[in-house]
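Peer 1: So Swiss-Prot lists these for the protein:
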{"type": "TRANSMEM", "residues": "14-34", "note": "transmembrane segment"}
{"type": "TRANSMEM", "residues": "60-80", "note": "transmembrane segment"}
{"type": "TRANSMEM", "residues": "98-118", "note": "transmembrane segment"}
{"type": "TRANSMEM", "residues": "128-148", "note": "transmembrane segment"}
{"type": "TRANSMEM", "residues": "176-196", "note": "transmembrane segment"}
{"type": "TRANSMEM", "residues": "203-223", "note": "transmembrane segment"}
{"type": "TRANSMEM", "residues": "240-260", "note": "transmembrane segment"}
């Protein structure tokens with residue numbers, strides 16, 4: 001029966017190792033994402049007529065990098081592994097044993113943007129609107145890393161493109177990582193970079209990012225496998241959906257505020 005479904009490609013998550021040091025596909029995907037964001041940010045700075053300098057973009061992306069890493073790790077522990085943290089507080093610092101939370105990473109990036117905006121004496125919304133279109137590609141690459149790691153797969157299904165994941169019991173499952181790669185990494189990237197082709201009111205680009213990611217993540221959660229220990233709230237809504245709702249509501253509020261202020 002399983003022959004009709006797609007076999008998971010056996011990819012070693014470690015590209016190569018030298019002694020105790022190993023380069024993993026998951027880490028490489030994040031590096032590619034940040035590298036692309038850096039390149040695109042520099043390109044936009046050079047075309048910004050002096051609104052942004054390459055030095056300012058360098059500072060912004062470097063600071064956001066650490067915001068993603070620290071916020072993503074802390075968010076993963078507090079949102080999804082809090083019970084383990086209570087039993088073993090040092091788990092927070094063993095990064096190699098855990099994952100990354102997007103919502104935690106987002107909080108880390110917001111803190112980083114506030115700090116950079118203060119240092120550069122510019123509006124927070126100006127900073128947020130600049131960084132938002134740079135994010136989706138990195139999100140997509142992170143989902144490719146999840147796929148290679150054989151993790152965060154979807155629920156059992158009989159769709160023709162179902163994948164037999166080894167860690168998923170070789171049962172046919174939705175390749176939800178690839179759905180997220182396409183929606184959050186590709187579609188959202190093109191939406192945002194199309195949106196910024198014309199002048200937009202301050203905050204509207206950031207608001208659109210929050211809406212887009214929140215909606216796409218909320219939808220994919222319906223086919224993403226559920227962790228019965230942490231991922232559902234009263235069996236009605238997953239933890240990921242619960243965390244995405246404030247993004248959607250907040251994004252809509254920011255968009256309404258941005259355009260109403262423009263009219264005023």
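Each Cβ is built from the backbone N, Cα and C atoms, and glycine gets one as well.
What you see is a predicted model, and the numbers here were worked out from it, not measured in a lab.
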Peer 1: With pairs closer than 6 in sequence left out, are the transmembrane segment (60-80) and the transmembrane segment (203-223) joined by 3 or more CB pairs under 8 Å?
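Peer 2: Contact between the transmembrane segment (203-223) and the transmembrane segment (60-80): absent.
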Peer 1: If contact means at least 3 Cβ pairs within less than 8 Å, sequence distance 6 or more, would you call the transmembrane segment (128-148) and the transmembrane segment (60-80) in contact?
Peer 2: yes
Peer 1: Counting only residues 6+ away from its ends, which parts of the chain sit with a Cβ under 8 Å from the transmembrane segment (176-196)?
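Peer 2: Non-local partners: 129, 132-133, 136-137, 139-141, 143-144, 146-147, 151-155, 204-205, 208-209, 212-213, 216-217, 219-220, 223-225.
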Peer 1: Could you tell me what the rest of the chain brings near the transmembrane segment (240-260), counting residues at least six beyond its ends with Cβ under 8 Å?
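Peer 2: For the transmembrane segment (240-260), the far contacts come to 79, 103, 106, 125, 200-204, 206-215, 217-218, 221, 224, 231, 233.
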